[in-house]
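Per Swiss-Prot, these features apply:
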type    : residues                              : note
BINDING : 30-37, 57-61, 75-78, 142-145, 172-174 : GTP binding site
BINDING : S37, T59                              : Mg(2+) binding site
DOMAIN  : 22-193                                : domain 'EngB-type G'
Amino acid sequence: MKIINAAFIRSVSALQDLPDERVPEIVFAGRSNVGKSSLLNSLTGRKGLAKTSSTPGKTRLLNYFLINDDLYFVDIPGYGYAAVSHTEKDAWGRLLAGYVGGRQAIALVVLLLDSRHPAMESDREMMEFLAYHDRPYGIVLTKDDKLTQKERAKAKRVTASCALNAEFIVSYSSISGKGKKELLAHFDHYLSGESSGAGSDSAVTVT
(Lines of atoms letter the chains of each structure in order from A and count residues from 1; the text may use other names and numbers.)
(Lines give C-alpha, C1' and ligand atoms only; values in the text may rest on other atoms or scores of the structure.)
Protein backbone atom coordinates (compact mmCIF):
# COMPACT_ATOMS: atom_id res chain seq x y z
CA MET A 1 0.00 0.00 0.00
CA LYS A 2 1.11 3.52 -0.80
CA ILE A 3 -0.72 6.28 1.06
CA ILE A 4 -1.34 9.16 -1.33
CA ASN A 5 -3.68 11.26 0.78
CA ALA A 6 -5.06 11.25 4.29
CA ALA A 7 -7.56 13.48 6.03
CA PHE A 8 -9.29 13.65 9.40
CA ILE A 9 -13.02 13.13 8.85
CA ARG A 10 -14.83 13.02 12.17
CA SER A 11 -14.82 12.10 15.85
CA VAL A 12 -17.53 9.76 17.10
CA SER A 13 -18.80 9.45 20.67
CA ALA A 14 -21.85 7.24 20.04
CA LEU A 15 -22.49 4.19 17.87
CA GLN A 16 -25.37 5.87 16.05
CA ASP A 17 -22.95 8.49 14.72
CA LEU A 18 -20.68 6.00 12.95
CA PRO A 19 -20.33 6.43 9.16
CA ASP A 20 -21.94 3.91 6.85
CA GLU A 21 -20.11 0.63 6.37
CA ARG A 22 -19.33 0.82 2.67
CA VAL A 23 -15.69 1.73 3.40
CA PRO A 24 -13.39 -0.83 5.12
CA GLU A 25 -11.81 0.16 8.43
CA ILE A 26 -8.43 -0.60 10.00
CA VAL A 27 -8.61 0.01 13.74
CA PHE A 28 -5.70 1.15 15.91
CA ALA A 29 -5.89 0.11 19.57
CA GLY A 30 -3.53 0.17 22.53
CA ARG A 31 -2.77 1.42 26.00
CA SER A 32 -2.92 5.14 26.71
CA ASN A 33 0.24 6.89 25.51
CA VAL A 34 1.49 3.85 23.58
CA GLY A 35 2.07 6.00 20.49
CA LYS A 36 -1.02 5.57 18.31
CA SER A 37 -1.05 9.17 17.11
CA SER A 38 2.66 9.08 16.31
CA LEU A 39 2.19 5.84 14.38
CA LEU A 40 -0.69 7.27 12.35
CA ASN A 41 1.32 10.37 11.51
CA SER A 42 4.28 8.22 10.49
CA LEU A 43 2.22 5.88 8.32
CA THR A 44 0.47 8.70 6.49
CA GLY A 45 3.46 11.03 6.26
CA ARG A 46 1.32 13.76 7.78
CA LYS A 47 3.05 15.08 10.89
CA GLY A 48 0.00 16.78 12.41
CA LEU A 49 -2.79 14.54 11.14
CA ALA A 50 -3.41 12.82 14.48
CA LYS A 51 -2.91 15.07 17.48
CA THR A 52 -0.31 13.77 19.89
CA SER A 53 -0.53 14.42 23.61
CA SER A 54 1.69 13.86 26.63
CA THR A 55 -1.45 13.41 28.73
CA PRO A 56 -2.50 9.73 28.89
CA GLY A 57 -6.19 9.03 28.35
CA LYS A 58 -6.89 12.21 26.39
CA THR A 59 -8.35 10.45 23.35
CA ARG A 60 -11.95 9.65 24.32
CA LEU A 61 -13.56 9.32 20.92
CA LEU A 62 -13.37 7.15 17.83
CA ASN A 63 -11.36 9.29 15.42
CA TYR A 64 -11.86 8.59 11.70
CA PHE A 65 -9.21 9.31 9.05
CA LEU A 66 -9.94 8.77 5.35
CA ILE A 67 -7.02 7.15 3.53
CA ASN A 68 -6.72 7.28 -0.28
CA ASP A 69 -10.46 8.03 -0.45
CA ASP A 70 -11.35 4.35 0.02
CA LEU A 71 -10.21 3.29 3.51
CA TYR A 72 -10.67 4.48 7.08
CA PHE A 73 -8.02 4.39 9.78
CA VAL A 74 -9.85 4.48 13.12
CA ASP A 75 -8.05 5.60 16.28
CA ILE A 76 -9.92 4.30 19.33
CA PRO A 77 -9.52 5.43 22.98
CA GLY A 78 -6.51 4.09 24.85
CA TYR A 79 -6.99 1.77 27.79
CA GLY A 80 -5.16 1.11 31.05
CA TYR A 81 -4.94 4.66 32.42
CA ALA A 82 -5.80 4.52 36.13
CA ALA A 83 -6.49 8.26 36.57
CA VAL A 84 -9.61 8.10 34.39
CA SER A 85 -12.86 7.98 36.35
CA HIS A 86 -14.93 4.80 36.55
CA THR A 87 -17.78 6.59 34.81
CA GLU A 88 -15.57 7.45 31.85
CA LYS A 89 -14.10 3.94 31.73
CA ASP A 90 -17.59 2.44 31.69
CA ALA A 91 -18.67 4.77 28.88
CA TRP A 92 -15.58 3.94 26.82
CA GLY A 93 -16.06 0.25 27.50
CA ARG A 94 -19.63 0.29 26.19
CA LEU A 95 -18.61 2.26 23.11
CA LEU A 96 -15.68 -0.03 22.30
CA ALA A 97 -17.61 -3.23 22.97
CA GLY A 98 -20.40 -2.09 20.68
CA TYR A 99 -18.01 -0.94 17.99
CA VAL A 100 -15.53 -3.82 17.96
CA GLY A 101 -18.20 -6.43 18.60
CA GLY A 102 -20.68 -5.31 15.99
CA ARG A 103 -18.95 -3.30 13.28
CA GLN A 104 -18.96 -5.22 9.98
CA ALA A 105 -16.64 -2.78 8.22
CA ILE A 106 -13.62 -3.67 10.39
CA ALA A 107 -11.03 -5.45 8.23
CA LEU A 108 -8.21 -5.58 10.77
CA VAL A 109 -7.31 -4.39 14.27
CA VAL A 110 -3.76 -3.15 14.84
CA LEU A 111 -2.89 -3.59 18.51
CA LEU A 112 0.00 -1.39 19.63
CA LEU A 113 2.21 -2.54 22.50
CA ASP A 114 5.04 -0.56 24.08
CA SER A 115 8.11 -2.61 23.18
CA ARG A 116 9.66 -1.71 26.53
CA HIS A 117 6.71 -3.24 28.43
CA PRO A 118 5.05 -5.73 26.06
CA ALA A 119 2.06 -7.85 26.93
CA MET A 120 0.93 -6.18 30.14
CA GLU A 121 -2.23 -7.54 31.74
CA SER A 122 -4.47 -4.99 30.02
CA ASP A 123 -2.86 -5.86 26.67
CA ARG A 124 -3.55 -9.55 27.19
CA GLU A 125 -7.13 -8.72 28.09
CA MET A 126 -7.50 -6.81 24.83
CA MET A 127 -6.11 -9.80 22.89
CA GLU A 128 -8.69 -12.02 24.57
CA PHE A 129 -11.43 -9.49 23.78
CA LEU A 130 -10.47 -9.43 20.10
CA ALA A 131 -10.25 -13.22 19.94
CA TYR A 132 -13.67 -13.52 21.60
CA HIS A 133 -15.17 -11.33 18.88
CA ASP A 134 -13.24 -13.23 16.19
CA ARG A 135 -11.46 -10.07 15.05
CA PRO A 136 -8.22 -10.55 13.09
CA TYR A 137 -5.48 -8.51 14.67
CA GLY A 138 -1.78 -7.84 14.34
CA ILE A 139 0.73 -6.51 16.85
CA VAL A 140 2.89 -3.42 16.44
CA LEU A 141 5.70 -3.03 18.98
CA THR A 142 6.16 0.73 19.26
CA LYS A 143 9.18 2.80 20.34
CA ASP A 144 11.58 0.27 18.84
CA ASP A 145 14.30 2.93 18.65
CA LYS A 146 14.52 2.97 22.45
CA LEU A 147 15.68 -0.66 22.67
CA THR A 148 18.98 -2.43 22.23
CA GLN A 149 19.16 -5.37 19.84
CA LYS A 150 19.01 -7.79 22.77
CA GLU A 151 15.97 -6.02 24.22
CA ARG A 152 14.21 -6.10 20.83
CA ALA A 153 14.65 -9.85 20.59
CA LYS A 154 13.30 -10.33 24.10
CA ALA A 155 10.28 -8.09 23.42
CA LYS A 156 9.37 -10.15 20.36
CA ARG A 157 9.74 -13.45 22.25
CA VAL A 158 7.55 -12.25 25.12
CA THR A 159 4.93 -10.91 22.73
CA ALA A 160 4.85 -14.01 20.55
CA SER A 161 4.41 -16.23 23.61
CA CYS A 162 1.13 -14.58 24.60
CA ALA A 163 -0.22 -13.22 21.30
CA LEU A 164 -1.04 -16.64 19.93
CA ASN A 165 -3.87 -15.37 17.73
CA ALA A 166 -1.93 -12.46 16.26
CA GLU A 167 -1.57 -12.48 12.49
CA PHE A 168 1.75 -10.63 12.58
CA ILE A 169 4.18 -8.87 14.91
CA VAL A 170 6.00 -5.81 13.55
CA SER A 171 8.60 -3.72 15.38
CA TYR A 172 8.06 -0.04 14.59
CA SER A 173 9.80 3.27 15.14
CA SER A 174 7.79 6.40 14.37
CA ILE A 175 11.06 8.36 14.44
CA SER A 176 13.02 6.36 11.86
CA GLY A 177 10.09 4.78 10.01
CA LYS A 178 11.38 1.27 10.69
CA GLY A 179 8.57 -1.22 10.13
CA LYS A 180 6.44 1.08 7.96
CA LYS A 181 6.89 -0.85 4.73
CA GLU A 182 6.16 -4.18 6.43
CA LEU A 183 3.05 -2.89 8.18
CA LEU A 184 1.58 -1.36 5.02
CA ALA A 185 2.20 -4.67 3.22
CA HIS A 186 0.14 -6.45 5.88
CA PHE A 187 -2.66 -3.93 5.31
CA ASP A 188 -2.64 -4.76 1.59
CA HIS A 189 -2.86 -8.44 2.48
CA TYR A 190 -6.03 -7.94 4.52
CA LEU A 191 -7.75 -5.46 2.25
CA SER A 192 -7.26 -7.79 -0.72
CA GLY A 193 -8.92 -10.64 1.19
CA GLU A 194 -5.84 -12.87 1.12
CA SER A 195 -5.65 -13.47 4.87
CA SER A 196 -5.61 -17.11 5.90
CA GLY A 197 -7.23 -16.49 9.28
CA ALA A 198 -6.27 -15.51 12.80
CA GLY A 199 -3.72 -17.65 14.53
CA SER A 200 -2.94 -19.94 11.59
CA ASP A 201 0.70 -20.96 11.26
CA SER A 202 0.91 -19.54 7.73
CA ALA A 203 -0.43 -16.16 8.79
CA VAL A 204 1.76 -15.30 11.76
CA THR A 205 4.89 -13.38 10.83
CA VAL A 206 7.43 -11.56 12.98
CA THR A 207 9.43 -8.68 11.48
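Any Cβ shown, glycine's included, is placed from N, Cα and C.
Structural mapping of features recorded in Swiss-Prot.
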residue	record	Cβ within 10 Å
G30	GTP binding site	26
N33	GTP binding site	19
K36	GTP binding site	27
S37	Mg(2+) binding site	22
L61	GTP binding site	16
P77	GTP binding site	24
K143	GTP binding site	21
Y172	GTP binding site	28
CA pair K143 (GTP binding site) / S37 (Mg(2+) binding site), Å rounded to integer, equals 12
According to DSSP, S37 (Mg(2+) binding site) sits in helix
